[in-house]
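Colleague: I am attaching a structure below and will ask some questions about it afterwards.
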Amino acid sequence: MNKKQWVKFSLLMGVSLVGASSVAGTAFAETGNAERGQIAAATCTACHQANGSGMNIPGGESWPRLAGLNADYIVKQLHDFKQGRRQNATMMPFASMLNDQQIVDVAAYYSQMPVTPAQGGDDADAVLLQRGEQLAERGDWDAYIVSCKSCHGPGGTGVGGQFPGIASQHAGYISAQLHAWQDDERSNDPQHLMGAIAKRMSDEDIQAVSAWYAAQDVSDQTGSAEEETTQ
Amino acid sequence: MSLSRKHLVIALAGCSLATGIVVSAFAANDSGAPSEAPYQGLVELGFPAPQEGELVHVPPTMADLEDADIHPELKKVIRYGYDLFTNTQQLRGEYVNNDMNCSSCHLGEGRQPFSAPVWAAAVTLPDFRGKNQHVNNLEERIAGCFAYSMNGTPPQYGSDEMLALSAYHQWLATGAPMYPSQPIYGRGFPAPDEPAESPDYARGEAAYQENCAICHQDDGAGHYENGEYVFPALWGDGSNNWGAGIVRVDTAAGFIYNNMPLGQPRSLSDQDAWDIAYYMSSQERPQDPRYTGDVAETLERFGPTFHKRSLYGQTREHDGHVLGDHANFGEKGNVEPWNVGVPRFESLSSE
C-alpha cells in the first residue's frame, strides 16, 4: 500500500470502526501514520528491535517491548522523556530527536505490531511465582498492595491509554520500573497511582510479580508456539 | 498444622482500667501474640489506630483456608463463596443486573477495615434492622445487597450460592466473639468529619474530574476492557440502584474518603470527599425496587428509615431535575426482587 492509499484506508477504517474497536480507534484517531512511523523508528531498532520486542538484559538495562503497547501510552511516554518528566539517560536523546508528528507516527507504528513474548524471570521458583500471581490477581491488602489487575486489567493486558499492558513485558524491565518508582526515579504516573503501590512492595514482591507477568505470554506468535510444542 | 483462636486483651499503656482493645486474630500456629499490633500498616496510611475498648479482628486469608483443619467439603464451599464474592459477575443476568462484584465496594475481598468488612455481619446478626424494620439474619442481609447494591434478585435462602456466600462471611469471622459488646474497629464506611462548607455540586464535579474520572470516566459509567469490567460504574444503569446503602451521602463520603482513589485511601480532604459524594449522589441510577410508582410517595414512605440521608426525590439545583423520578429499573427491568417489602414475625404479640 502506498502512502496515499494508506491514508484513504485509514480514513475508511476510522469511519467504519467508530466505537467498534478501541484499538483501531486510538491508532487511527490521532494523525499518527504507521508507515511514516516506521521511517522515524529506524534509529530505535538498535534497542527495541525490528519487531518491537525489545530485549531482556540480565544484570543490565533492559529495553522494553514496544510492540502492541497502546498508542496513547507511547505518545505520553515519549513526551515525558522529552520534557524530562520521565528521566532515563539512554532513552532521552532518542525521544528528543522526534518532533510531535513523529511521536504520534512511531506510536501508531509500534502499537499495531503484534505483541512478542517476554524474557527473564526464569530463575523464579514455584513459590515466588505463586506470590507473583497473588499480587497480580488479588493483591496483598494487609500491605495495601492493590492487585495489579485492578488497574492493568484482566490478564494485565492494559486498560485504555493510561494503564499500559504489562503481561509479556520483560521481567528485567518491569522490575527496573518498580524499583525506579520506589526510589523516586520515575514519577510521571498520573495521580501518583503507580508510585503509591510500588512503594509498598518488597524486593521479593517485585521479583515475584515481574517474573509472573513476564511468563504470561499474551503474544500473537502462534507459529513459534507451535514450533516449541513440536520440539 | 492446627489452628488456634486467640483472644488477647491488650491493656493500653497508662491505662489502669480493665478495659482494653480486644484483638481476635486468626493464627495458623501457636507462636504466641502477634508480633506487631494489628493494622499498623493502616495507621501509617492515615487510618485511625484501634481505640481502647474496640474489637479488633483480623480475618483469615484464603491462604489460611488451605491450612485450616476443617472438612475438605467445607473448604470447597468457602472457596466457592469467595469466588462468588470477588467475581459476582458470574451471576450476571441471573441474580446480578449491574457491573458490580461484592468486592467492588467491600474492598480487599471483604476483609478490609473501613470498607465495610463483611465478617461483622456474621457476629452481630440476627438483629433488628432499621432499613426493613424487622430482625434479619446473615442471609437476609446478603440478600439486601443483591436487591439494592447489585440491582438484582437474590439467590434463594438456603441455595448453594447463598450458603456458600454466608459460609465465606462466617469463615472470615473465625475467632471473633459472637454478639460482641464492644464497637468493631473499622466497621462500615465511617464518614469523614463534617466539612467546613456544605457540599457543593460544582466543586464536587471539578474534584471528581481531577481525582476519579481517569478510571470511572467523565460520565461515571466506568470502563470495560475486552468485555470485562475493570472500573465499576458510579452511576447510570451499570451501577447500584436508588435503594442501596451507598446512595446515602454520608455513606458515599465515607466510602470515598476511606477507599478512593484506588490505592490512596484517606488522601482526599474531608471537603473533597463530601463534595464528590454529593456530586456522585446527584446523578441518576436505576429506580429503588421499593418504588410505589411515584417518587414523592416512595420518599414519604421510605424517607424516615432510609432516604432522609440520600438525595432521592430532591430537585437538582442546576437543572431542576427531580432525582429518582423515573421508572427505569436498569437491566433488571420491572421485576420486583422477592425479598423486598416482606414483613416478618407479624404474628408475634407486641409487648
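For all residues, glycine too, the Cβ spot is worked out from N, Cα and C.
According to TrEMBL, the signal peptide annotation covers A:1-29. TrEMBL lists A:32-114, A:127-217 with the feature domain 'Cytochrome c'. The heme c 1 binding site annotation in TrEMBL covers A:Cys44, A:Cys47, A:His48, A:Met91. Under the heading heme c 2 binding site, TrEMBL lists A:Cys148, A:Cys151, A:His152, A:Met194.
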Colleague: Indicate whether A:Cys47 (heme c 1 binding site) is helix, strand or coil by DSSP.
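Modeller: Looking at the DSSP assignment, A:Cys47 (heme c 1 binding site) belongs to a helix.
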Colleague: Average the pLDDT scores across the domain 'Cytochrome c' (A:127-217) and report the rounded value.
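Modeller: Within the domain 'Cytochrome c' (A:127-217), the model's average pLDDT equals 97.
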Colleague: Could you tell me the maximum Cα-Cα distance in Å between the residues recorded as binding heme c 2, namely A:Cys148, A:Cys151, A:His152, A:Met194, rounded to a whole number?
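Modeller: Spelled out: the longest distance between any two Cα atoms in A:Cys148, A:Cys151, A:His152, A:Met194 is 10 Å.
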Colleague: If you measure Cβ to Cβ, which of the binding-site residues A:Cys44, A:Cys47, A:His48, A:Cys148, A:His152 are under 8 Å from chain B?
Modeller: none
Colleague: What's the CA-CA gap between A:His152 (heme c 2 binding site) and A:His48 (heme c 1 binding site) in angstrom, rounded?
Modeller: 22
Colleague: Let's see if you can do this one: DSSP helix, strand and coil counts over the domain 'Cytochrome c' (A:32-114), in that order.
Modeller: 44 helix, 3 strand, 36 coil
Colleague: Might you list, by sequence position, any residue in that chain lying six or more from A:Cys44 (heme c 1 binding site) with a Cβ less than 8 Å away from its Cβ?
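Modeller: Once residues fewer than 6 apart are set aside, A:Cys44 (heme c 1 binding site) is near A:Leu66, A:Phe94, A:Val106.
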Colleague: For A:Cys148 (heme c 2 binding site) and A:Met91 (heme c 1 binding site), what Cα-Cα distance in Å is obtained after rounding to a whole number?
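Modeller: Distance between the two Cα atoms comes out at 26 Å.
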Colleague: Count the residues of the domain 'Cytochrome c' (A:127-217) that DSSP assigns to helix (H, G, I), to strand (E, B) and to coil, and report the three numbers in that order.
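Modeller: Its residues fall into 55 helix, 5 strand, 31 coil.
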Colleague: Using the CB centroid of A:Cys44, A:Cys47, A:His48, A:Met91 as the heme c 1 site centre, which other residues of the same chain sit with their CB within 8 A?
Modeller: A:Thr45, A:Ala46, A:Gly54, A:Trp63, A:Leu66, A:Phe94
Colleague: For a quick check of packing: other C-beta atoms within 10 Å of the C-beta of A:His152 (heme c 2 binding site), how many?
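Modeller: 22, counting other Cβ atoms within 10 Å of A:His152 (heme c 2 binding site).
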Colleague: Among the binding-site residues listed here (A:Cys47, A:His48, A:Met91), which has the Cα closest to the Cα of A:Met194 (heme c 2 binding site)?
Modeller: A:Met91
Colleague: Measuring Cα to Cα, how many angstrom lie between A:Cys151 (heme c 2 binding site) and A:His48 (heme c 1 binding site)?
Modeller: 25
